[in-house]
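To start, the structure under review is shown below, and the notes come after it.
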Amino acid sequence: MSTDSDAETVDLADGVDHQVAMVMDLNKCIGCQTCTVACKSLWTEGGGRDYMYWNNVETKPGKGYPRNWEESGGGWKSSEHKERKPGQIPDKEDYGDAWEFNHEEIMYNGSDRPLRPDSDPEWGPNWDEDQGTGEYPNSYYFYLPRICNHCTHPSCVEACPRKAIYKREEDGIVLIDQERCRGYRYCVEGCPYKKVYYNATQKTSEKCIFCYPRIEGEGPDGKTFAPACAEDCPPQLRLVGFLDDEQGPIHKLVEEYEVALPLHPEYQTQPNVYYIPPFAPPQHSEDGESVDVDRIPRNYLEELFGERVHDALDTIEREREKVNRGGGSELLDMLTDTNPARKFRLEVFDDD
């Protein structure tokens, strides 16, 4: 747990008043894809967006979506954010085409053939779902939900020669000005997480907008709502708020307890989507006895979340032991809280 002053630990981008952020607890994700469906039905149902999944849930270890995105480059060469790393634009096949199925044949023409894609797909956004690694009985996998990270130092912003991508002053959300964008795709190349997508129909790039109309209360009833992916999540694994809200769970999990970590911090973009790293049962010996070895290798988690993952897991384990002995834990209370008013703190700076 950090002992530094809270105000000194929050790094906001230049010109940004507050930074909205999300924490996802990977120990709760069941891979149900409800978040994916919520996002897809709200934002990317057609008009050149068929292949886009602004929110997707990957099985790790796995190649992800788009395929092998972790090997596609992009980001910054150092924390000084002066020189970008070269990146690649994924091929359409790496995303996977939107599948068309023989629904009409089955449902209206009385065919005995099974329901299947009309095409012969070779990849898709959830192609390697539930494919674990390791040897039985110590094989493992876990789910990794991903959206745009709305980074503090987004390399996509710097990559755009049209200055069409920007961070909003009021909340740090990264958006693309569709009037300025010309579809050059330097942003796709520059994003190391490959969370910017090219719309070949509109000839512009598009991405997750953190459901800003929902958090602004632009619905018919004027109420503020969390992003659809967070609001609709059955196991309630997502917390949403502001990184600089010192009383909120986002700030405490990221800055105080330091158990919520960014994905691939070595990309140097400083993401504002954070993850509680996953636990798993211990490994078993050949005779079926539990052994004191992590089933999910710590070195693999370090590849994803950096060297701080060891301290984060140790901190959570200490808090669990404290509760097992009959004590209390603010940390575990935050991670198990189901009250929307505390999980989604989006109106704390409305009077600014």
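Here the Cβ of each residue, glycine as well, is placed from N, Cα and C on the backbone.
Among the candidates C181, C191, the one that Swiss-Prot lists alongside C148, C151, C156 as binding [4Fe-4S] cluster 3 is C191. The [3Fe-4S] cluster site recorded in Swiss-Prot includes C181, C187, and the single candidate from C160, C208 that the record places there is C160.
Record check, Swiss-Prot: [4Fe-4S] cluster 2 site residues include C39, C208, C211, and the candidate from C229, C233 also listed there is C229. Secondary structure of the compositional bias 'Basic and acidic residues' (78-95), assigned with DSSP and counted as helix (H, G, I), strand (E, B) and coil, comes to 4 helix, 2 strand, 12 coil. Within 10 Å of C32 ([4Fe-4S] cluster 1 binding site), counting C-alpha to C-alpha distances, fall none of the binding-site residues C39, C148, C156, C191, C208, C229.
Here the Cα atom of C229 ([4Fe-4S] cluster 2 binding site) is found 23 Å from that of C156 ([4Fe-4S] cluster 3 binding site).
Sequence-distant contacts of the domain '4Fe-4S ferredoxin-type 1' (20-48), counting only residues of its own chain at least 6 positions beyond either end whose CB sits under 8 Å from a CB of the stretch, comprise 54-57, 59, 126, 129-130, 142-145, 147, 150, 171-173, 199-202, 206, 208-211, 215, 227-243, 249-250, 253-254, 260, 272-279, 335, 346. For the pair C211 ([4Fe-4S] cluster 2 binding site) and C156 ([4Fe-4S] cluster 3 binding site), the Cα-Cα distance reads 19 Å.
Counting other C-beta atoms within 10 Å of each candidate's C-beta, the binding-site residues C29, C208 are led by C208.
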